[in-house]
Amino acid sequence: MHAHLIKLLSLSSLTAALMAAAGVARADDAQAPTFKAEPCCSLCPAAHDAKNYTTRYQQNFTTLVQAQGDWLFRTQEDLRTEFDTTPGGYRRMKELHDAFKSKGVELVVVYQPTRGLVDRNKLFPAERDKFDYDKALKNYQAMLGRFSKMGYWVPDLSPLTNEQQAHDFYFRGDQHWTPYGAQRTAKIVAETVKKVPGYSSIPKREFESHISGRMGKTGTLHNMAGQLCGTSYAVQYMDQFTTEPKGEAGDGDLFGDAGNPEITLVGTSHSGKNYNFAGFLQEYMGADVLNVAFPGGGLEGSMLQYLGSEDFQKRPPKILIWEFSPLYRLDQETIYRQMMALLDNGCEGKPAVMSASTTLKPGNNEVLVNGKNGIKDIRNGSNQIDIRFDDTSVKTLQARLWYMNGRHEDLKIEKPETSDTDGRFAFELREDEDWADQQLLALEIQGPEAGTAPQKVAAKVCKRNVFPSAAKHTAQAGL
């Protein structure tokens, strides 16, 4: 037997096997196996087709884009490069600012940077190359500048788009910021608030924030992917924070409810308690904040609820912080009609030009008619309507306003399901385009559904509030 074979036989079977395997590996080096890693959660083709986003809610997510790991983005919202509104939107925003200013309220606008601006590095290279970050950032900053020229106090949140932080600013599969994102935003906002006239006279006290638990977020983008593709994503867990006055832990007065805070926060669900944005503002401003934001409130929900409240009417704040995202259109005329009416409490305490009370039955109900006691001059541009249901849980108003020339307007106002309602709907008569000179003839209100109890309602027309008139602004001229 050859010596090398005898030597091989004397080795353990394991060693021999290893040597043999090594020999095979060397022999096959040129044909080594290759491996390909597939993404853990790829979106299905249906998610890339805008036609599949059929409901109003689903259209907020058009269209989903898969990114690294569990990250999802929306092409229309997260990856937008345009930040703008219509000339009518700018005019109304200016009028709103001037109206608040006339009541001694300074408005601070917190205009969130998009997920695309902040988290573009989470995109796959192909999508990142398609997203024009430089254009998006330039246009975002230009919009901040336009708010500022209208008179709003506007924190520059663009530095948040270039941060390298250990904790995510936004959730991977949700449009909301994390508590860490809220914290970093609040720090910048607080520096702007400290420059607002009147801040120096606001009572101060120290606050401190600490981690108080963990929250699990099943993201809205992940849920939408599940609806379209039947996929599921892991819950993302994140630290939760609580903010308390120093030395007063557990006193239950986190948002100053026992006192009269002179700073109020209105906004979207980003300002809800889950993310502690109001708490971080208190910590960095050193002052109490009344937080009236609620989940599902959208652009206007908490603002309208607050304007109609006794808190605002009797104790308006010195500083009002209004947080919202570029998702929301700023030219929604019906929203401004309500805000401007409620700023001076609708028709409360004002002489009635026309009024009536009735019980609504299913179908259209005639509530007000101009002419029963002589024809009155009720021009749209000078008047507003205040409608109150006895049932304070009513969240939807459907009305038809008739005019002397036979024209009519169908108006529908829906309050968020999550809002605390008072059964009240106050709004200016329509004055955009050529509506200002229309003469009101009648008001009809849609009654309750068949088979339900009748609804008692009172309606009143009065002269609208007089605020300083704003100069006409457009995106190009004056802004």
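Including glycine, each Cβ sits where the backbone N, Cα and C put it.
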Cys44: disulphide-linked cysteine among Cys40, Cys229, Cys347 [source: Swiss-Prot]
Cys229
Which cysteine out of Cys41, Cys462 is the one Swiss-Prot pairs with Cys347 in a disulfide?
Cys462
Starting from the Cα of His176 (active site, proton acceptor), work out which of the recorded positions (Cys229, Ser269, Cys462) are within 10 Å.
Ser269
Surrounding CB atoms that lie within 10 Å of the CB of Cys347 (disulfide bond), all protein chains
25
What number of additional C-beta atoms lies within 10 angstroms of the C-beta atom of Ser269 (active site, nucleophile)?
20
By DSSP, how many residues in the region 'CBM domain' (348-476) are helix, how many strand, and how many coil?
3 helix, 61 strand, 65 coil
When a 10 Å sphere is centred on the Cβ of Cys462 (disulfide bond), how many other Cβ atoms does it contain?
22
